[in-house]
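The block underneath contains the structure these notes are about, expressed in structure tokens.
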Amino acid sequence: MPGLSGLVLLGLCLNLHTCRALPNKLPDLSTEPPARFSRPDPLDYWLDEELGGGGGRSGNGTERCGSCEPDLCPETRGCRAGLVLDSCGCCKECGNLEGQACDPGPRSGYYGLCGTGLRCQTDPRPAGGGEGGGGGEDEEEEVCVCEQQEAVCGSDGVTYTNMCQFREAAFSRPELKTRGRGPCRTVPIIKVPPHSQVNGTGSSLVFLCEVFAFPMALVEWRKEGRDVVLPGDDPHISVQSRGGPLKFELSSWLQIEGAEPQDSGTYRCIARNNLGSVSASAVLGVLGAGETDRQVHRQVHLFID
């Protein structure tokens, strides 16, 4: 069948010619996107927003706000300084406490807004308190400061520094009420008592006693076995007192210079006002010539017992 053989040979030649001319030819691909990609990719939207389209976070650090739907707001709990509006002015969040950093504007941005009875202002505490100083204006921080700085007396007999401190305490104790403005009238309370110590002959030492009271208290020092208010006429003993470190507090120091063994004994800090008195004591042991620490510690324990 010479005719059939010729047709087969002709077909092979044509196919071989096509392969040599277009060895990597693939079927034509449509430039139109498939139907399921006909809608814009959400990622393209967010990318455009991120690159300057106006979405994401705005220049002041607040989140982009949509329509306000209070029913979708998260629940807030444990807000000791009350509630404030969030950066979008829609949902409520915990206000910042006294002393915490804050945003000075009317809307929450980075730190948040101050809670009830607090305002955002430059930290009233000294700046740059660490070693090296250098606390300039650039380092000043705005913090929440209580608007009512007057002390408050609570129904629990505790004096609160200001109304904001009282609100914090009353948050966890709803039964707590105010007796009135100003500190609670109370007998003196020794906040920092003197501490016992052991020193060598010729050393200098100091006893400290910090007292809170309203009305203000008078503080005196006495040594057991001596019926005299120190320093008396002893030239190497001195007493100094001043107000502070906090309101309605008094700090008193008893200083002994060139201590001698006969200075060993029990020293008492006594605070009194027209409501009563309170005292706290400490033992001093002074090493004599040839004495060991063990002997003096034994002596101190004898005084305590």
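Including glycine, each Cβ sits where the backbone N, Cα and C put it.
The model shown is predicted, which means the values in this text are computed figures rather than measured ones.
Taken from TrEMBL, the feature domain 'IGFBP N-terminal' applies to 61-147.
The annotation domain 'Kazal-like' is assigned in TrEMBL to 144-186. Remote same-chain residues near the domain 'Kazal-like' (144-186) are listed as 80-82, 96-100, 102, 114-121, 124, 212-215, 246-248, 275 (criterion: CB distance under 8 Å, separation of at least six residues from the stretch ends).
As annotated by TrEMBL, domain 'Ig-like' applies to 188-285.
If you look up TrEMBL, you'll see 1-21 marked as signal peptide.
Helix, strand and coil counts under DSSP for the domain 'Kazal-like' (144-186) come to 10 helix, 13 strand, 20 coil. Residue counts for the domain 'Ig-like' (188-285) under DSSP, split into helix (H, G, I), strand (E, B) and coil, are 3 helix, 61 strand, 34 coil.
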